[in-house]
Amino acid sequence: MKNLSFTKRMSFAFAGIAGAFRREVSFRWHIAATLFILLFCLIQRPPAVWCALFAVAASGVMVLELLNTALEALMDKLHPGHDTEIGFAKDCLAGAVLIASIASLVVFALYCGSLIAG
């Protein structure tokens, strides 16, 4: 992949994102939440630092969801049957996405709290 053009490498990245969007309901929910935050920022016009925090939090969730999707697909392909250790690995991946999602909600709640506090 190193000697391929930038355009070709980007096409692989977009294919992965599109594939996750088609396959994973959770990824679609994260995209919807990110679009909500984007719309919120366009309407509410929070300070740039808050927009940056929202962007980092939302992208972190989506990155982890993409990793979760990729690793689960790989594990299912390599070991289609039930395996305790693979189940544990999948649970850990899901836990990572959950922690990032909660952290994103905390960032949003802190911003809303700062609005209420004045």
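Here the Cβ of each residue, glycine as well, is placed from N, Cα and C on the backbone.
Owing to the predicted nature of the structure, the values given are computational and were not obtained by experimental measurement.
Long-range C-beta contacts of Glu65 (active site, proton acceptor), restricted to its own chain and to partners at least six residues apart, with a cutoff below 8 Å, comprise Ala20, Glu24, Ser26, Phe27, His30, Val97. Sequence annotations record features per position, and here TrEMBL assigns active site, proton acceptor to Glu65.
Cβ neighbour count for Glu24 (divalent metal cation binding site) (all protein chains, 10 Å cutoff from its Cβ): 18. Under the heading divalent metal cation binding site, TrEMBL lists Glu24, Glu72.
The feature ATP binding site is assigned by TrEMBL to Glu24, Glu72, Lys90, Asp91. In the three-state DSSP classification, Glu72 (divalent metal cation binding site) falls within a helix.
Glu65 (active site, proton acceptor) carries a helical DSSP state (H, G or I). For Glu65, the entry in TrEMBL reads substrate binding site.
What TrEMBL records for 27-46 (among others) is transmembrane segment.
The transmembrane segment feature in TrEMBL is assigned to 52-71 (among others).
If you look up TrEMBL, you'll see 92-117 (among others) marked as transmembrane segment.
Here the binding-site residues are Glu72, Asp91, and the one with the most other Cβ atoms within 10 Å of its Cβ is Glu72. Across the structure, Glu72 (divalent metal cation binding site) and Lys90 (ATP binding site) are spaced 7 Å apart at their Cα atoms. Glu24 (divalent metal cation binding site) falls outside any helix or strand according to DSSP and counts as coil.
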